[in-house]
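Under the heading signal peptide, TrEMBL lists 1-16. Here TrEMBL flags 88-295 as domain 'Neurotransmitter-gated ion-channel ligand-binding'. The transmembrane segment annotation in TrEMBL covers 298-320, 327-346, 361-383, 506-524. Look at TrEMBL and you will find 303-519 tagged as domain 'Neurotransmitter-gated ion-channel transmembrane'. Per TrEMBL, region 'Disordered' is recorded for 444-463.
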Amino acid sequence: MAFNFILSFTISLVLALEEDCGKCDLRSSWCRTWTNGTTSCECRQGFKLDGEGHCLLSKELQEGGGLESLGKESTEDCELGQAEKMATRILTDILAKYDKNMVPKMRGVDVDVELLIQRVSQIDEIQSSSTMHILFSQIWHDPALSFEHEEGAHCLTNLSLSHRMVDSIWLPNVCIVNSKDSKIHNSPTPNIFLAIFPNGTVWMNYRIVVESPCEMDFATFPMDRVICQTIFESYSFNVGKVRLHWKRHGDPVDFIEKVQLPDFHMTTFIHEKVTYQYPAGVWDQLNIKMMFRRSYEFYIIQVYLPTYCMVLISWISFWLDRRSLPARVTLGVSSMMALTLQYANISKSLPKISYIKGLDYFTFGCMGFIFLSIVELALVGWLENRREQMSEEFLSEEELRKNVAQRTFSIKSMRSGYGRSLRPTFTESNCASPDEGAWQKQTYVGGQEPRPPESTAEAEKESENNQMLVFVRNARGSRKRRKKLVAAKLFTKWTGEDMDRFCQKLFPITFTFMNLIYWMYYTAKAKD
């Protein structure tokens with residue numbers, strides 16, 4: 001019982017001390033324990049407390065070049081070159097009794113995370129990822145590494161250590177859990193910064209390149225948005241051992257320079273802290289989400305304007321002569337092939353998705369207009385042929401009566417001998433052989449005059465018979481043929497020229513209306 005009481009009292013005392021120093025900025029201040037047991041945040045050397053309770057760098061240090069310009073009262077007993085020897089001795093003493101396998105505090109460690117984004121190099125649509133170069137800092141307090149009471153500690157601002165010393169101390173093991181790939185820059189040695197302050201505050205910084213996943217939705221492509229998310233988490237310790245926080249003083253996420261990419265521009269970013277429930281417990285997660293919007297000016301120049309030109313070129317056939325069939329066919333087919341090839345080139349640079357993109361609607365619509373211009377050409381040819389057939393098959397009554405009269409006159413003439421040879425008959429009494437010269441000197445040719453019809457009734461009867469023959473011949477066609485003739489009466493007033501004039505107005509008006517709907521919808525989606 002006594003042991004449990006002492007243990008609980010010790011834990012409650014540690015918790016009380018941690019609560020008082022929970023808001024200390026570990027780089028500019030440190031948690032001081034007074035003789036009466038109370039704790040407070042004290043500013044480090046070179047920092048002064050402002051009106052809001054924050055430790056800021058003093059003006060003397062800002063003007064004099066940093067911590068090296070401390071007052072003589074604090075460094076008067078420090079000899080030049082002795083600080084390095086003291087640092088080596090202090091570090092050796094600390095590591096001699098240090099256990100890197102134990103969590104520094106019973107309650108757990110609070111780790112502040114700071115992110116400085118150096119550059120966003122690219123966003124890959126095929127892999128759905130972004131590549132960033134970041135400076136990733138972790139700050140935590142380890143009492144076992146405190147050396148402020150060691151001899152000569154007042155001569156040391158901190159212990160700046162090599163990257164080889166990282167394996168000698170306890171680490172919270174904060175990693176990027178959703179990264180596809182990450183590595184530490186080596187130029188030429190691993191870019192790792194490690195510093196230990198006199199009160200035991202540890203500051204570790206990595207310069208890494210990380211490939212993070214991005215959430216992409218191509219439904220509004222090329223006016224779409226991209227969200228890239230990076231998640232930081234302690235891989236080895238749950239919240240009972242390690243608690244993660246974004247840096248509690250100042251901006252935890254900052255950019256060295258403005259993010260500039262050829263095809264994207266960053267609109268905003270947010271950082272948040274969440275918890276995630278695993279089977280082994282609860283873990284803290286620090287998320288940063290960066291929102292990018294695609295710069296679609298490239299696609300306007302390389303895709304939309306050429307597509308408009310292809311559609312307009314296909315419409316030139318409406319103004320060409322209807323008899324220029326090869327030229328009109330060439331315009332439509334060439335425009336269709338060029339548009340298909342352009343669409344295939346764009347699809348190569350995008351992932352194979354199962355839904356329709358915004359650019360697909362535009363491309364398919366333009367293909368439809370080009371295809372309809374080719375269909376219009378076929379319809380014009382059909383109307384012209386139909387017109388010629390109608391002029392031959394559906395003669396007026398007067399033309400039919402004239403044709404029948406001419407046919408009747410021709411038949412009667414043949415019966416009366418008018419169609420026989422008109423050359424004169426030469427007998428043996430006139431000449432032994434025909435005289436060709438005499439034939440050429442004839443001023444007229446004699447022949448028997450055909451007998452006119454005995455009555456007009458016979459001619460009218462013959463006309464009726466011939467007219468019946470015409471309709472009987474048409475009636476012998478197939479049922480399908482008769483249906484086509486009846487349907488053709490709907491276009492008796494339409495010609496190929498009328499169809500061209502109609503399409504000269506219909507196609508531009510419809511295409512303009514379609515583009516207004518398309519651009520109004522997708523530009524509104526891009527602004528949401």
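Backbone N, Cα and C atoms are what each Cβ position is placed from, and that goes for glycine too.
Whatever TrEMBL says is automated annotation, not expert-curated.
Tertiary proximity for the transmembrane segment (361-383) is limited to same-chain residues at least six positions away from its ends with a CB under 8 Å from its CB atoms, namely 304, 307-308, 310-311, 314-315, 317-318, 322, 325, 328-329, 332-333, 335-336, 339-340, 343, 491, 494-496, 499-500, 503, 507, 510-511, 514, 518.
If you look at the transmembrane segment (506-524), the same-chain residues 6 or more away from its ends with a CB under 8 A from one of its CBs are 220, 223, 311, 315, 318, 358, 361-362, 365, 369, 372-373.
With a cut-off of 8 Å between Cβ atoms, the residues of this chain six or more beyond the transmembrane segment (298-320) that come close are 222, 262-263, 327-328, 331-332, 334-336, 338-339, 342, 346, 359, 362-363, 366, 369-370, 373-374, 376-377, 500, 503-504, 507-508, 511.
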